[in-house]
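K.L.:
Okay, handing you the structure first.
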Amino acid sequence: MPTRVNPAPASAAPTAPPLPALILLVACAGAAGALLRLTIGQIIPEHGMKFPWTTLAINISGSGMLGLLTGVAAARPWLRRWVVPVLGTGLLGSYTTFSLVIVATMPSLPGGTFEGLSAVTYVSPGTLEMLFYLLISVIASTGAAAAGVTIGRALFGCVEDPYGLGAVAAPPAREAGDGSADAGGGAR
Amino acid sequence: MTTTLSLTVVLGVALGGAAGAVLRLLLDRYARFGILVANTLGCLLLGFLYGEFSALTSADAVPDNGLFSPGVVTVISYGLIGALSTFATVSLRAAQRWVDGHRMQAAWIWLVNVVCGFVAAGIGMGLSGLVEL
């Protein structure tokens, strides 16, 4: 299961922030994230590149920063109330993008689907090459997120909530025959 | 991007980014597999948009003021779709599973996101061939 969400993470803030205010802040942060991605795309244009390297850099840096934020929030749980949703979901979630990577990796359909496209005009990349691009994106971004979590935790000296899972403060009473499929931590 | 950015396009990207981020926040909070839904929806929309856009350009009929003018494509693809779909949250959750020892779950997260994205983008491109805009 890709996103297993615990209904009530043990270390969540006692009171949830009011949703309208959160939505307003996430909207502002989302706008900033999209503008940041647009600006970087203007500085290092992908037009004519064989692979969307700018998008790769954006996704790796965004994943690393989200990991860092999560690592810091593991040591400073009050951050989870406003800062993690606004900066994590809003800014960094909007800054990084998934759909462009997928559409850019799609094998070119007969008739030149990717001819003349704004951001994905490449010099006829092969399907295998594009799949390697996707693989590099996935592995490097996941590695950056893991490194960010580790660095964030180390900087702020968190010991009791490793990796910011938020639901592992108390050791789970795992039965002997309990499969690992049910042992996924909280998503946040 | 080859389009010169006008203030309207920049404001449009900001608005689209705001809408995409809020939609993703609500999906993540209130829908099961909300991030997966957001990413799949983004791939569907982007596949459709690129299909339509390339159909127009390949027919040598690039409208400079129409529905698929470069400015509109920039606003929708960079703003709304780019903000709706996300890479960082998926990376983080996969990384959390990985370092927690659940490596199959981490691989599974990425596999499901990527396969759903490919299928959705393919459907979007197929739809763009059927729908004339």
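Backbone N, Cα and C define each Cβ position, glycine as well.
Sequence annotations record features per position, and here TrEMBL assigns transmembrane segment to A:21-44, A:56-75, A:82-110, A:130-156. Taken from TrEMBL, the feature Na(+) binding site applies to A:Gly93, A:Thr96.
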K.L.:
Under 8 Å for C-beta pairs, could you tell me which stretch among A:21-44, A:82-110, A:130-156 has the largest tally with the transmembrane segment (A:56-75)?
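P.N.:
Highest pair count goes to A:130-156.
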K.L.:
State the non-local partners of the transmembrane segment (A:130-156) in its own chain: residues 6+ outside its ends, Cβ under 8 Å from one of its Cβ atoms.
P.N.:
51-52, 56, 59-76, 96, 101-102, 104-107, 162-164
K.L.:
For the binding-site residues listed here (A:Gly93, A:Thr96), tell me which residue's CB has the most neighbouring CB atoms inside 10 Å.
P.N.:
A:Gly93
K.L.:
Where does A:Gly93 (Na(+) binding site) sit by DSSP, helix, strand or coil?
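P.N.:
Looking at the DSSP assignment, A:Gly93 (Na(+) binding site) belongs to a helix.
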